[in-house]
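Asks: Sharing a structure below in structure tokens format, with a few things to ask.
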Amino acid sequence: MPKDFKHLPSHTCPVHYDLHLCLDFIEFTYSGCVQISIEINEDTDELVLNSVDLDVLSASFNNIPTQSITYGNKSEQTVRLKFPCKLMGTCTSLSQKGTGCLCLNYRGQLSDRLRGFYRSVQRCRGAATSETPCALTMLCPTEARRLLPCWDEPQLKATFQVAVEIPSTCPRLTALSNMPEEERRDLPSQSCSQSEPMPARELVRFAKTPQMSTYLLAIVIGRFDCIETVCQDGVALRFYSELFGIPYPLPKLDLVAVPELAVGAMENWGLITYREAMLLVDENSSKFSMETVALVVGHEVAHQWFGNLVTMQWWTQLWLNEGFASWVEYLCIDHCYPEFDVWTRFIRNDFSKALELDCLDNSHPIEIDVGHPDEIDEMFDAISYSKGAAVIRMLHAWLGEPAFRRGLQQYLRRHSYGNASTADLWLALSEASGQPVQQVMHDWIRRKGFPVISASLEPLPPPESSQEASTRLQLRLRQSRFRSGQGPAVATASVGVQTELEKLDETEQLDGTAVSGERQAKMARISQNPVPDGNKFVSQHRSCSDLWRVPLLVQLSNEPEPRRLLLESAELAYPLPPSLSQLTDGHWLKLNWQCVGVFRVDYSDQMLDALVSALKRGKLGRRDRFNLQSDLFALVAYGKYFTVWSDLLANLSSVQVLAEQLGLTAAWHAFLSYLCWPAFQRLGWDFKPGESHDAGLLRGLLLTYLGQAGHAEVVAEALARFDRHASGQCRLEPDIRAGVYATAARHGGAAAFDRLLALLDSPARGNGFISSEEELRILRALGNTEDTDQIKRVLELSISPRVRQQDTPSVICSLCACGGLKARRLAWQFVKSRWPVLVSRYSGVFLLQRLVLGVCSGLCSAEDAEDLRQFFATNSAPSAARAVKQALETVQLRARLLSQDGHLIAQYLAGLRAAARDDCSDGQSTEADLLP
């Protein structure tokens, strides 16, 4: 239930803010003067604004000073200005409904907490003079009240004009805000109403903004290099201008890499701020980093229209901003860089992430009522972003590109410089398409969860007038809600088909030629149990209340385009064309074409056999083969292309957690080696001219997992390459650097661990600094160590000044993801012991919930679950309450699985190891030490 919360009084509305700030980089304070033009529509003698951690020194309305200034409690986050008379009375110049001027003088602190107006340090590792203070804002979602007293609610839009006084330095500091610089001049030494003389200062004034929400206001002050161009529009701006039918609304757009930011990037209007690793790339950047930077830039630039030009009414509609931008970033980058094949990455990054979280009972709807600001941080998660994006993608595919674009443009034109709700978007799309968008989408947005659709074929009943049996088929579909941990215990029954899918891509060489099928024949021996009929899964869990209106794209093998269906009830029987009378002669049928629907599919044996056959013959594209293996894994447990492999290995990592708990780590590592080594052999260690973009991504991924598994040949070569790289003899290619670093940390002993730390503190050769990307590579690689003392060193390092506050959760979580069971337990104990420090740092800046999920979700025993429950029962987790529930539910599900089916998992892993040993003994691997 939402916390008790009251919006600011509705009788007052801001029109314009004129903000003047004076910064002190010695004491890390600032003084401010803001003159706010406000509109009052009913008589009152009190004004209430949002304000947190600000000392309001004086206030007046139309030159009438306040009678008193009082502050609300911590929950209210307000300042109350009491006047001696009614503001629309005779004691002011405002005698009737209209506007007046509220003037406030105040002081604030430049904190180090990555929110509001805060300080950071620009440093160049290895340089003699490496640190320069800087100041910047992070005002989303409700932190503008830490910069200035204001009406800090997204629907209370106003215009802003900003001026800042900054120290005169050599070289000069850069000052940036949402609009272009309008004036810059030197000031006398006395300023800011200070009694003591101040050092030489400059005044920088910026142009007036258009009407916008407070959370989009931005100020950045520091020492920056600049790459500047003047153009009609860039590639991304041109793409979005055409898509949205509206030119970019502001006269400039700055993209700024800042030293520390609570999130990867922030879409401030006209001044987008990024973590350095989310914006800066060079010749040492991996392909994965280049893709990531492109997508993040595409996401934030999209917000300049969808979120900034048109803004949600309240944080309840957060998904309108983030879900849409998380979808359209892929649309943009696919247009700009088609070779990246980013839609396949979308399925792994967003689709899978959303479904993994949304099958938990402690999930939440995409759109959930939000009251108090403390509840907002919990909304910045994979449901709002990733599931929101997946639902938009499904809707786009169902309506079609032309109708979707017309509706989108109508929505933006209708609400420009204003606010809108989800219903406003559905209305515009309905008008443009003629489809009942509101009725179809309501349950997808307002209910948690998603359906699993059971699919089977059956004879089409003949017409009543016919005496002969029909030779045609019909597709029978049934739906119910998919829930993690509630399917039948069929791990050993279905995993044979799953494993076959895992190996299917190995039936083709990288050039597409077939190889021996003996490996697959061996895998068939792992499980002798048949796969249970898919319908049983759904029939066990059907609930009349768990129904969705499901847009479907159904691809038939003998038709060029998918058919569009709408499943509106618990069951649907759909007649198939006469040309598909049987699933023989290579025919097949696949639901969820291109993986655009937000649901799982549970195929009958007959349909699954036909799809597997089609997959072997190369008839399914990479997104469809990904979709097939992902659904199978999800139904059982709760290729050669990077995205398929990435999702497969991520899924298998959840089994690794169970294997470690059962003491079967060696068997699991043997299986990982068996699975990954043939594909890595074909790719090789080094880039080959003409190879695909995916090949470089996959090389690094497989190297990381083979190093984790302790594959002897890979470990030896990785350590040799690391030695040459660390000594300066031969630089590592960017795409394999992370994998080599991780392998060195895991298998190189104390010497390699210390050399990684030395690399962290030394400047990159020729550049004089280490990039943020390289810094994160090293920090995350350190999390692969299995040595107890080194694990403790990494944990202490994570909260030391050597690691940026924004990166601490990543360092701790890397230990939990890569370091094994011992590392996870030590990390959890460390987090418990440092909980007050972590809460103080990260409460209210989105990072606390990510830390909780990253550290706790990898635990899996009943004792772990009870430890979590007891700890959080007595230690609050501000802004992460839902993350705590989700982590606890995940641990309880794993503990239950181990209790019920641990012996089956152990038998299965033994079968995997035996099959792998058979391959080695048959000469299929030339590596004598492949297995432990």
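Our numbering is plain: 1 for the first residue shown, then up by one each step along the chain.
Positions of Cβ are set from backbone N, Cα and C atoms, glycine also.
TrEMBL feature annotations, pasted as is:
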DOMAIN    14-216  domain 'Aminopeptidase N-like N-terminal'
DOMAIN    236-444  domain 'Peptidase M1 membrane alanine aminopeptidase'
BINDING   His299, His303, Glu322  Zn(2+) binding site
ACT_SITE  Glu300  active site, proton acceptor
SITE      Tyr385  site 'Transition state stabilizer'
DOMAIN    642-892  domain 'ERAP1-like C-terminal'
Asks: List the other residues in this chain whose Cβ sits within 8 Å of the Cβ centroid of the Zn(2+) site residues His299, His303, Glu322, in sequence order.
Replies: Glu267, Glu300, Ala302, Phe306, Gly307, Asn321, Phe324, Ala325, Ser326, Glu329
Asks: Among all the protein chains here, how many other CB atoms are within 10 A of the CB of Glu300 (active site, proton acceptor)?
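Replies: If we count other Cβ atoms within 10 Å of Glu300 (active site, proton acceptor), we arrive at 25.
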Asks: Pop the Cα-Cα gap between Glu322 (Zn(2+) binding site) and the residue listed as 'active site, proton acceptor' into the table, whole Å please.
Replies: 10
Asks: Measuring Cα to Cα, tell me the gap between Tyr385 (site 'Transition state stabilizer') and Glu322 (Zn(2+) binding site) in whole angstrom.
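Replies: Between the alpha carbons of Tyr385 (site 'Transition state stabilizer') and Glu322 (Zn(2+) binding site) there are 5 Å.
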Asks: Once the chains shown are all counted, how many other Cβ atoms turn up within 10 Å of the Cβ of His303 (Zn(2+) binding site)?
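Replies: His303 (Zn(2+) binding site): 25 neighbouring Cβ atoms within 10 Å.
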